[in-house]
There are 4 protein chains.
Amino acid sequence: MSSAPQINDPDALVLSPDPSHPANLIPELCAAFYKLGWVTGTGGGICIRTGDKVYIAPSGVQKERIEPSHMFVLPYPQPTTDRIFLRRPALNLKESACTPLFWNAFEQRNAGSCIHTHSQNAVMATLLWPGGMFEISHQQMIKGVRRGGNGLALSYLDTLRVPIIENTPNEEDLKDSMAEAMERHPEAAAILVRRHGIYVWGDDWQKAKTQTECLDYLFEIGVRMKLAGLPTVLN
Amino acid sequence: MSSAPQINDPDALVLSPDPSHPANLIPELCAAFYKLGWVTGTGGGICIRTGDKVYIAPSGVQKERIEPSHMFVLPYPQPTTDRIFLRRPALNLKESACTPLFWNAFEQRNAGSCIHTHSQNAVMATLLWPGGMFEISHQQMIKGVRRGGNGLALSYLDTLRVPIIENTPNEEDLKDSMAEAMERHPEAAAILVRRHGIYVWGDDWQKAKTQTECLDYLFEIGVRMKLAGLPTVLN
Amino acid sequence: MSSAPQINDPDALVLSPDPSHPANLIPELCAAFYKLGWVTGTGGGICIRTGDKVYIAPSGVQKERIEPSHMFVLPYPQPTTDRIFLRRPALNLKESACTPLFWNAFEQRNAGSCIHTHSQNAVMATLLWPGGMFEISHQQMIKGVRRGGNGLALSYLDTLRVPIIENTPNEEDLKDSMAEAMERHPEAAAILVRRHGIYVWGDDWQKAKTQTECLDYLFEIGVRMKLAGLPTVLN
Amino acid sequence: MSSAPQINDPDALVLSPDPSHPANLIPELCAAFYKLGWVTGTGGGICIRTGDKVYIAPSGVQKERIEPSHMFVLPYPQPTTDRIFLRRPALNLKESACTPLFWNAFEQRNAGSCIHTHSQNAVMATLLWPGGMFEISHQQMIKGVRRGGNGLALSYLDTLRVPIIENTPNEEDLKDSMAEAMERHPEAAAILVRRHGIYVWGDDWQKAKTQTECLDYLFEIGVRMKLAGLPTVLN
């Protein structure tokens, strides 16, 4: 069985000289996201799935200072209802509290990566769009977002709509309302969480990242437009 | 014929130890523009023309992570109406969708470089100046902009005027309206595209870049002034 | 007596190849805080206490350019009412004027680190909350703050409250009012100083830093909400 | 005569392995100022005087990309009314257009360094304080500014006052009005130029830089306070 050597030496799952290995990419991307203001104060992060393995960062740590050896590796799909790991870091760490929410993106959209940010642009958007949906139209950056996060790109003539769900005291408890919102809105490329942040997914980390950049840009300019008294949706 | 070795080894067109080679400069500059918020989410970029060769980045990729080997090289002028390449990257990439718009700058202003940004300062300017022209006067940074983008520098006493054209669903379809705006406004140093961004050109990449910095600064301060109720043009 | 070699060679207290040594961490963290806008113009900084030794940066220097050899080392607790040093830099430097305020955090909360910033988000919060307390509720980032700075983390359902004390012409004179505010508000994780900045502490530098990030985020979004006319505390 | 070798080999004036040599510091500091938004689009910069020599960057170049070999060196004081150089770069460059204004700081305040920025915080301050003086009180950062730029530090109880002069089409023509404002306001630590930027000086580059940081912070928070309807001077 090919997974035997991994069980014998689980550290081989995260130690690689290849900078594009998920265990190297996640620390690099988290440091970049910190500079963008997306993952300060231990919040937020990115997970990467490569076929049957999921790489996830620890919970409650400085996201701009994680190392490959801090990484958790989980099998996908999970074989039982208990959470199973292929590799855990030696340190006394817990996997990211976002894990069940990342799983929504894998299971419902076959995502290869999912990003969670606490960006103030996203949070301000949830405050200035008090209903259940952020909407903006007629912005070039809309073209960088894909239908459902994994389909064809939107057109400049499409209105971008991102569902907003209500926050819960425990991050894990968002799993069901996020799953439900994804099911009800199959064209949604991301889910906003009021007073909290956003979850964005894509076929791979590159698509998840560029879509997060486009969405964050659209939240920022949408907020600026709304505060300037400009309409954010044209007919 | 001197171009023969290039046809034999097109990679020699983009592989150089010289950091000022266009194939090295474009990745470096795009990474710098990413930090400025000009080219997030795969949008925006810079092309460089050195006499009879044009260096262009790929479309739809993370602009802060491109490499010299990703570069397209095109002959200038184009010998036929079909698009001809001297070199294409080995990967399955498409040249930037801005290519026809960059060509406007080469053909109409003999530019050596053209920059396209999605800067929010530019986009906010197109929203707060709803007509066909952004205007600002009495700002020192106006002196960093050249008449027509390639002429003498403006004076502090000149009013800066940047034409605004309407966006189109396909970036290529901006070619004609951009060309027309450039012809109608021979003193314009750049063309704003409403709800999209800006195209700025110059005799070389240094002049294109410093003019983009000056214009971006002027859009930013113009927007701040307008929102603060200050007049942006004095008599 | 084990401290004898330290008295013989006090520089050994600050010269270490280990990047996690406090004398190496403080310069690195101050440079990072400079990029965040927390410690410009010589103001602000961080101190670290490891058991019976306190590492403190000099006063009145560029905080993003300090070096391990600039560090002061003090014994903790201080054996007399005069200030005692285990090591002083060779240069003509004075220890940070924040030293007595850092001591409040050690003595009252057993802190292992204390951070002082002049962040504009903190200062704007003290201006827009003119009373004695900054308050915000229903923000995910509240969960990154601990009760009293060293206790259990707050819940999403808790209202974050940070006492605001009035500034004094001499930084040292803040000692008593800061101590009194900490005593009166045992759940406070930090003390804001009106028109000046903030003091934040934690069990170690990591917790002090991540709590400062969470608080700074909450001041920033609180200010943005207040200026947008949004309520910052929900019932 | 000791200056003979310098005349024989003027490049020795700018080539040094010492990172604290002015010809190395100026490029490093200009790159740092670019990141702060102080010197974009070729505008702004810093000069350093060490006794009888003044080091000045070229005019009209990208300030974040200058090199030690681009530096001009001038004798101080200038022996004649014609401008004399100890060293000029080999390239076809002109010395900074700020040179006469930097000279005001040397002659009137015996400065060792002078910084010129186009910071939007400074420019917005000149727009929102339409009279001849920017004023702010009761801010901790005021303590980082020295009387006259080279005297004792201001106290928290002092009101910071920075004179504002009107801009002129040619930068050189500011020399007289700047000199006059410095003479009329001996306590001024800097001179703002309306719709243009600021000149700040100090005994050495460190003091010039930290004072510029404090002033820029005060302009930024002053502008934010004014736009929020808060009074910027208390009695």
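Cβ coordinates are placed from backbone N, Cα and C, and glycine is handled just like the others.
Per TrEMBL, these features apply:
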type    : residues                     : note
DOMAIN  : B:24-223                     : domain 'Class II aldolase/adducin N-terminal'
BINDING : B:Cys98                      : substrate binding site
BINDING : B:His116, B:His118, B:His196 : Zn(2+) binding site
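Sequence features annotated in TrEMBL and their locations in the structure.
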residue: B:Cys98; record: substrate binding site; DSSP class: coil
residue: B:His116; record: Zn(2+) binding site; DSSP class: strand
residue: B:His196; record: Zn(2+) binding site; DSSP class: coil
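Long-range C-beta contacts of B:His118 (Zn(2+) binding site), restricted to its own chain and to partners at least six residues apart, with a cutoff below 8 Å, comprise B:Trp38, B:Val39, B:Thr40, B:Gly41, B:Gly43, B:Gly44, B:His196, B:Gly197. Note: the Cα of B:Cys98 (substrate binding site) and the Cα of B:His116 (Zn(2+) binding site) are spaced 8 Å from each other. On its own chain, B:His116 (Zn(2+) binding site) has B:Gly44, B:Gly45, B:Ile46, B:Cys98, B:Leu101, B:Phe102, B:Gly197, B:Ile198, B:Tyr199, B:Val200 as residues at least 6 apart in sequence with a Cβ closer than 8 Å to its own Cβ. For B:His196 (Zn(2+) binding site), other Cβ atoms within 10 Å of its Cβ number 26.
Mean pLDDT, taken over the domain 'Class II aldolase/adducin N-terminal' (B:24-223), works out to 96 on the 0 to 100 scale.
With an 8 Å limit on C-beta distances, the binding-site residues from B:Cys98, B:His118, B:His196 that reach chain A are B:His118, B:His196. Of all the Cβ atoms in the protein chains shown, 25 others lie within 10 Å of the Cβ of the residue listed as 'substrate binding site'.
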